[in-house]
Amino acid sequence: MGTVNGEYEDFDAANRRAEVIDWLGGLLPEFDLPLDSSDEELRDYLINGEALCYVADKLMPGVLEGTWGGYASDQRSNVKKFLSVVAEMGLPGFGVKDLEEGSMSSIVECLLALKDNVATQLGGHISNSTAKTPIRRKLELRETDGPVLSVATPGKRYPKSQQRSPLLSGQKINEVVQFKHGTYTDLPAAKISEMLHSNSLDNAPTQSLLRVVNGILDESIERKRGEIPHRVVHLLRNVIQEIEHRIGIQADHIRNQNSIIKTREDKYRSKIKALETLVNGTNEENEMAINRLEVVKVEKSKIDEKRKLGEQDMIRLIREKENAENIIASLHQEMQVMNRMHEQFREQMETKARQMEEHLTLRAKEAEFCLMQSKKKVEEVEATSQLKSQLWSKKANIFQSFMNNQKLSIKDIKISSQSIKQEMYALQMTWRDEISNIGHDLKGLVDAAENYHKVLAENQKLFNEVQELKGNIRVYCRVRPFLPGQDGKLTAIDYIGENGEILIANPSKQGKEGYRMFKFNKVFGTHSSQAEVFSDIQPLIRSVLDGFNVCIFAYGQTGSGKTYTMSGPGTSREDWGVNYRALNDLFDISLSRKNAFSYEVGVQMVEIYNEQVRDLLSNDIAQKRLGIWSTSQPNGLVVPDASLHPVKSTSDVLDLMEIGQSNRAVGSTALNERSSRSHSILTVHVRGLDVKNGSTSRGCLHLIDLAGSERVERSEATGDRLKEAQHINKSLSALGDVIFSLAQKNAHVPYRNSKLTQVLQSSLGGQAKTLMFVQINPDIESYSETISTLKFAERVSGVELGAARSNREGKDIKELLEQVASLKDTIARKDMEIEQLQLLKSKSPNSMTDRNGSNLLRQSTSSTGLSSLPVASQQNQQLSGSVEAEAEDNASDDGCSVGETEYSPAGASETSAERAHKAPSRITRFFLTKNGQPSTSRPKPREVVPKTQGSMRPGTAQATGGSLAKPSKRR
């Protein structure tokens with residue numbers, strides 16, 4: 001009985017759901033669900049609430065717009081709007097959770113109730129409209145103020161003449177409905193005739209037609225006389241006929257639906273009665289059948305399980321059979337092999353048996369002979385044993401007497417041991433008390449040691465901050481481990497402390513005089529890895545992204561591991577040196593800051609070989625020689641003619657570094673098989689742009705691998721190696737002079753004595769963070785070089801450069817720099833024109849030159865438009881005076897521009913193109929002051945420096961008050 005009732009309930013629910021789907025299909029054109037759709041399919045279509053809101057708006061236009069503001073993006077809001085409309089109508093609703101995950105019966109009941117309510121209202125309007133006049137219907141419409149509901153016939157479609165077209169219904173009838181500025185009597189007859197002859201009334205919505213009727217009736221009531229023009233009456237008659245036609249169609253549809261529903265109800269009642277009769281008569285049979293069915297189901301499930309188990313057993317047996325067959329085949333093959341081996345073994349054993357038989361026969365004869373001899377020996381042994389037994393009996397008597405004496409001694413020892421135990425117990429108690437006192441004292445020592453380490457760490461942090469504020473050159477010392485095969489050598493390193501101490505032992509002296517202690521910022525022992533070394537300098541390198549200039553260089557004798565520390569022995573990640581790790585770290589940080597900052601990274605790699613600067617990343621490295629800027633430039637370039645390669649990732653850096661290392665000058669000496677014969681300089685330029693405020697920052701990282709200092713008698717250098725060693729020692733000596741001058745705070749620092757010190761001028765001269773790696777050899781043979789290197793490092797650690805400054809430029813400074821660049825370009829063009837005029841003047845007569853020159857100058861002035869530049873006229877006059885003064889200074893000098901080295905042969909004349917190339921150097925007096933404002937003041941007199949042994953010209957360019965003085969010529 002329960003099963004039948006359940007089936008009937010499912011059947012009834014399916015019919016009601018199909019009825020709802022049929023009704024929604026008539027209302028919504030895009031509703032395409034089949035009538036036999038499940039609850040889940042209907043739920044998926046209605047769950048967002050838009051279809052429910054569309055149904056409510058379709059049945060009652062404007063009910064959502066005035067109250068709720070249209071559809072919402074949230075599905076719960078749409079469903080709540082629909083439920084509010086249903087509640088206002090007094091119809092049963094449903095819960096939001098029922099629509100999301102509950103039963104669909106409540107949703108179906110709600111929609112059917114809404115359908116019945118709409119059909120009831122529509123039937124009442126039809127009966128009233130057929131019995132009353134148009135004026136009465138119009139007045140009732142005003143009283144009820146309810147919308148006329150139009151429900152499409154489900155399962156049917158209007159004919160082509162009645163299908164709604166948005167274009168047709170939106171053009172003709174809307175012009176009449178929205179005619180507000182005039183009256184309907186003012187409508188022209190041609191427009192009304194066009195509407196009547198076309199299908200505009202057929203395609204127009206019922207609401208629009210009712211508005212037309214209401215408008216005409218309102219107009220007639222307002223006139224009070226009731227006079228309506230004939231054309232308007234004709235229009236009104238057609239509109240009313242169309243409305244009555246539509247209402248009739250709706251009434252026919254409702255009657256058809258009612259008859260269909262009654263027929264279905266009669267069928268369902270008869271089926272219900274028959275089912276009730278059948279159910280009442282066959283309850284017991286149903287129960288028995290159900291029980292049997294359950295038993296059959298259980299047996300069927302068991303049979304299915306057995307069948308599945310049998311199939312699994314069959315599959316398993318088949319697999320086992322296949323495995324057994326494979327095993328049998330392999331065993332058969334093995335058996336054949338074993339048979340063959342057995343035959344061979346049997347033959348070998350037979351041969352061995354014959355040999356053993358012959359051997360045993362010989363052994364038997366030998367055994368018989370030995371037996372005869374053994375019998376003789378037994379007789380001799382028996383005689384000797386009797387003698388020995390007599391001796392042992394005598395010894396036993398002696399031992400017995402000895403044992404008696406020992407027992408007496410043991411008694412005495414036991415008595416003494418008791419006394420000793422008592423004494424030991426007393427000592428243990430004394431020791432226990434002393435140990436407890438020692439533990440208490442030791443705990444105090446441990447606490448004091450912990451506090452000592454904390455205070456030591458704080459002091460180290462404060463010391464680093466003081467060093468940062470003072471701008472001291474950080475000095476890190478690294479001890480090279482012994483090379484393979486040198487483990488047996490003596491070392492000069494006696495002790496390495498945790499706080500930067502290193503103790504050097506002198507093998508030729510004894511006692512305290514044989515030891516020398518040095519202290520630096522950090523000392524790395526022989527077992528320190530590349531990662532440990534880089535972790536200590538990582539914060540220093542990261543400050544490059546904040547706009548600081550950083551310089552890291554390695555100093556030490558040949559073979560002390562400078563190139564190992566800076567570049568590493570190979571390209572594997574574990575062997576990376578400071579160069580690779582620094583650039584990789586910069587890329588990682590720039591990637592993490594990409595939302596706030598945009599960074600551009602460029603790489604230069606040059607070497608100083610025999611006092612010549614060469615580009616290691618250029619193809620013509622052997623021919624091209626580069627000059628050095630003697631002053632710090634706004635773009636941070638020290639060697640501007642060297643190729644600057646932009647890099648985007650670590651792989652780009654690896655490729656460039658591999659090219660640079662292959663082009664670097666190396667050679668073999670007695671101290672190092674692959675000795676660096678030049679100073680390698682890797683310069684990383686980082687330009688940052690703040691995405692928010694547009695400010696820029698510029699940082700420069702110099703990674704310098706100095707060539708090793710060496711003694712000629714130890715390196716056994718000759719020929720080119722000797723010349724290279726002389727240049728290397730000379731440049732390192734010049735570096736020592738610079739360090740000594742900085743340590744003494746002299747007014748003049750001899751940067752110009754070497755190309756190396758010129759490159760390091762921007763780093764050693766302040767406004768930069770500088771770090772020096774001191775590389776030393778541990779062997780005792782290099783003691784003198786080690787002491788010399790550590791003394792130099794100790795002197796460097798005392799140099800104070802002042803606090804480093806960040807190179808940041810605001811948006812205003814950036815605009816001023818752009819204006820300066822445009823002025824430089826304009827003045828460069830003017831210089832070229834002036835030089836052309838001078839050439840014309842030297843070639844042509846004076847009269848022709850003056851006339852033509854004035855015309856040419858007038859034309860060039862008008863063409864360039866110098867007066868339109870955004871600079872005051874007073875600044876232009878000062879700038880022109882500065883340019884003229886600069887031209888006079890250059891005329892008195894040898895024509896070498898800023899940062900350029902003169903390589904042209906003596907007596908060679910410069911072409912106009914070369915002078916044009918050097919022309920921008922004449923405007924270097926147009927500079928930015930400290931507050932970011934442009935200035936064109938004259939430079940102060942140059943500092944005159946006496947000539948040194950390096951044949952350097954005096955007049956080093958000095959930056960005074962923000963202006964750039966004229967550089968001098970260098971060779």
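Placed from the backbone N, Cα and C atoms, the Cβ positions cover glycine too.
Taken from Swiss-Prot as is:
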- GLY556, GLN557, THR558, GLY559, SER560, GLY561, LYS562, THR563: ATP binding site (BINDING)
- 272-357: coiled coil (COILED)
- 809-844: coiled coil (COILED)
- 839-881: compositional bias 'Polar residues' (COMPBIAS)
- 14-119: domain 'Calponin-homology (CH)' (DOMAIN)
- 472-799: domain 'Kinesin motor' (DOMAIN)
- 839-971: region 'Disordered' (REGION)
Quick one: among the binding-site residues GLN557, THR558, SER560, which has the most Cβ atoms sitting within 10 Å of its own Cβ?
SER560
What count of other C-beta atoms do you get within 10 angstroms of the C-beta of LYS562 (ATP binding site), across all chains shown?
27
Select the most exposed residue of GLY556, GLY559, GLY561, where exposure means the fewest other Cβ atoms within 10 Å, treating these as the binding-site residues.
GLY561
Which residue counts does DSSP yield for the domain 'Calponin-homology (CH)' (14-119) in the helix, strand and coil classes, in that order?
71 helix, 0 strand, 35 coil
Using DSSP, would you call GLN557 (ATP binding site) helix, strand or coil?
strand
Hey, does DSSP put LYS562 (ATP binding site) in a helix, a strand, or just coil?
helix
Across the domain 'Kinesin motor' (472-799), what does the mean pLDDT come to, as a whole number?
83
Cβ neighbour count (within 10 Å, all chains shown) around THR563 (ATP binding site):
26
